[in-house]
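> What TrEMBL records for this protein is below:
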- 1-308: domain 'DUS-like FMN-binding' (DOMAIN)
- GLN53, LYS122, HIS154, ASN194, GLY195, GLY196, GLY217, ARG218: FMN binding site (BINDING)
- ASN80: site 'Interacts with tRNA' (SITE)
- CYS83: active site, proton donor (ACT_SITE)
- LYS166: site 'Interacts with tRNA' (SITE)
- ARG169: site 'Interacts with tRNA' (SITE)
- ARG284: site 'Interacts with tRNA' (SITE)
- ARG287: site 'Interacts with tRNA' (SITE)
Amino acid sequence: MMDWTDRHCRYLHRLLSRRALLYSEMVTAPALVRGGALHLLDYNPEEHPVALQLGGSDPEELARAATLGEQAGYDQIDLNCGCPSDRVQSGTFGAVLMRSPELVADCVAAMREAVKIDVTVKCRIGVDEQEPRDVLPDFLQKISGAGCERVVIHARKAWLQGLSPKENRDIPPLDYEIVREMKRAFPQLHVSINGGITDLDTAEALLADGLDGVMIGRAAYHQPWDILANADARIYGEAAGPVSPEEAVQAMLPYIGRHLASGGRLHQITRHMLGLFAGRPGARQWRRVLSEGATRDGAGPELVEEALSRVPAAA
Ligand SMILES: Cc1cc2nc3c(=O)[nH]c(=O)nc-3n(C[C@H](O)[C@H](O)[C@H](O)COP(=O)(O)O)c2cc1C
């Protein structure tokens, strides 16, 4: 998620779940290939498994960007066919690509040819006046024919005229049923569902329905403890990670120390930690101390300790 799932966010999320697949923010292929902005590929080795999401629509440029991602060590390359923002539309990528399945297939084929790691696609169920049950099967047929074996479907349309990107994440109605239908129609395709999933009960129910994966965006960001710290045990049947949000905070301190020592600012990390105590006593004080203090010059780990001291000890 742009501006949210940067590498500091992903470091925290990986502490909470060893197994959940994490995604980068979208990085555009032109920025990497023409702009040489290779710093956009920076990540911490602890983050694996981590997917690099690319934006673009030029097969050759995407192939080169995918190669750069593979060389940087990413585990998967994902092509964004879901983002509705104007800026992205003007560059012909994101959700508008739902109208050009042949072009997306060419992009997938070029990326598949260039890299050994999985090439995946994140898409919508359609855009604007498209009828999802007409267009989505054809879209999936074409991209899987080109070598895409995994897809994440955001289970709502993008309305490219008249809605802001934020509205496009809430207003077009969700249709989980069509995603289940696509899984039945393409049994060999690994199909993950996305959109409006806010708890692990729902995620488990969707997996029990036959879907292969569940992608959780905003809820994982805003309630990382509830979603991610419980995912290893509930979804993957493995031992859970840290036993409490307090322990997760303590585990972040050495990382924060290294970041500050290399010239970074506290706020760049703590802004992703504000939701750690969501729904728990002390959540508001935790958020307040961090949001008021972390942008000040010289703010350091002692502010995090202070914020932690405002959270009542768990019973
Ligand atoms: C701040 C923000 C940035 C996002 N950036 C991206 C992005 O770069 N690529 C992408 O595929 N989706 C992006 N999304 C959409 C989410 O991945 C997801 O599809 C959407 O929020 C619906 O899922 P959710 O209800 O679980 O959040 C973004 C969402 C938010 C809130």
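Each residue, glycine too, has its Cβ placed from N, Cα and C.
Heads up, TrEMBL stuff is auto-annotated, nobody curated it.
Note that this is a predicted model, so its numbers are computed, not measured.
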> Using a 6 Å cut-off on Cβ distance, which of the recorded sites LYS166, ARG284, ARG287 come close to any atom of ligand 1?
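Result: none.
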> Could you find out if DSSP has ARG218 (FMN binding site) as helix, strand or coil?
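Where ARG218 (FMN binding site) sits, the three-state DSSP reduction gives helix.
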> What kind of secondary structure is LYS122 (FMN binding site) part of, going by DSSP in three states?
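Once the DSSP labels are grouped into three classes, LYS122 (FMN binding site) ends up as strand.
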> Near GLN53 (FMN binding site) in space, meaning Cα within 10 angstroms, which of the recorded sites do we find among ASN80, LYS166, ARG169, ARG287?
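So the list reads ASN80.
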> Please list, in sequence order, the residues in the chain of GLY195 (FMN binding site) that are at least six apart in sequence and whose C-beta is under 8 Å away from its C-beta.
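Sequence-distant Cβ neighbours: HIS154, ALA155, ARG156, ARG169, LEU174, TYR176.
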> Would you find the one among the recorded positions GLN53, ASN80, ASN194 whose Cβ has the most company, meaning other Cβ atoms within 10 Å?
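In terms of Cβ crowding, the pick is GLN53.
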> What's the number of neighbouring CB atoms sitting within 10 A of the CB on CYS83 (active site, proton donor)?
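Its Cβ shell of radius 10 Å holds 23 other Cβ atoms.
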> Measuring Cα to Cα, tell me the gap between ASN194 (FMN binding site) and the residue listed as 'active site, proton donor' in whole angstrom.
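About 13 Å separate the Cα atoms of these two residues.
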> Let me know how many other Cβ atoms fall within 10 Å of the Cβ of GLY196 (FMN binding site).
18
> Which three-state DSSP class does CYS83 (active site, proton donor) fall into?
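CYS83 (active site, proton donor) sits in coil per DSSP, no helix or strand.
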